[in-house]
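Residues or ranges marked as compositional bias 'Basic and acidic residues' by Swiss-Prot: 24-40. Annotation comment: Swiss-Prot describes 63-92, 65-80, 70-91 as disulfide bond. Residues or ranges marked as region 'Disordered' in Swiss-Prot: 24-53. According to Swiss-Prot, the feature signal peptide maps to 1-19.
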């Protein structure tokens, strides 16, 4: 009888561990589907206070954190984080 209770507890624990990632993915998808939050501009700054050729080249660079692919002529420039979620950084 004790063995049956122990096996049942282990099975329930295994189901709970598998269910937690599914709940986290559901929360992420709810966040992803909110309109207006997907395309938020990100400020890009460089360390040299006097400026550099790289800074001059990227002066008009506009970047967005989003989960989905690029739009127009954007390209992937790295990752960004909003809270505990990681997103892709797309710049044009």
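Backbone N, Cα and C define each Cβ position, glycine as well.
Predicted, not measured: the structure shown is a model, and the values here were computed from it.
Distribution of Swiss-Prot features across the structure.
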residue : record         : DSSP (3 states)
63      : disulfide bond : strand
80      : disulfide bond : strand
91      : disulfide bond : strand
Inter-residue C-alpha distance, residue 91 (disulfide bond) and residue 63 (disulfide bond) (nearest angstrom): 4
Which listed residue (63, 65, 80, 91) has most other Cβ within 10 Å, given these are disulfide-bonded residues: 65
